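Q: Structure below; questions to follow.
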Amino acid sequence: MKKLIRTGAAVSALLMAASTAGIGIAGAADTTTTTASTPLTPGTLALETAPSFVFGNTNTISTAAATYTSSQSPSGLGVSNPGVVGTWSVTASASPFTSGAFTLTNAALTLTSGGSGVFKSDTNSPTADNPTMAGSAAISGTAAEVESATSTSTSPIGVGEFDYTYSPTAATLAVPAQTILPGTYESTITWTLASTSSSATTPAT
């Protein structure tokens, strides 16, 4: 028993000496890994803004045919697509130009992009993912497509937030020869966003 006590004392003394000398006893490293995740689902595809057009401040009536060009910078055509995969498009239709009981018969409204407009895109979305704008669209009582995009799980075209600003002269109004009475003639343009996905669509108001 005395021998065992002395041996234990020797070990204790050795540990104390090692500690005093700054000699540590390293343990084995122990690591593990975990994960962090979050599920993301598509939001609602929405038509945020749509442009109006003004054809000059004062136009003189003529019995001859006339074509008027838009003269003010229109507001943008804005589409927000928070992750909806599929095909979407924006169409536009227009009611006849009227002033009270009078109508500009067969007046033709044409909207041209022609690369003259500018996309203000989501800063996180590359230019290659911009939607396609129709080069020229006749805006009449029948809806005409003015913008479209098709995305897939590997190609996010048209996914993000896009605001296309037409040039000030992008719209023209052709009025055939006819007898016209003075007045401010107006047409209501209806812009509609439609999608092949199940996400709700929102027409601009």
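Cβ from N, Cα, C; glycine included.
Sharing the feature lines straight out of TrEMBL:
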- 142-154: compositional bias 'Low complexity' (COMPBIAS)
- 33-196: domain 'WxL' (DOMAIN)
- 122-154: region 'Disordered' (REGION)
- 1-28: signal peptide (SIGNAL)
Q: Using a Cβ cut-off of under 8 Å, list the residues of the same chain at least 6 residues beyond the compositional bias 'Low complexity' (142-154) that approach it.
A: 77, 79, 81, 84-93, 111, 113, 131-134, 164, 190, 192
Q: Counting each residue once, how many in the compositional bias 'Low complexity' (142-154) are helix, strand and coil under DSSP?
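A: Final tally across the stretch: 0 helix, 7 strand, 6 coil.
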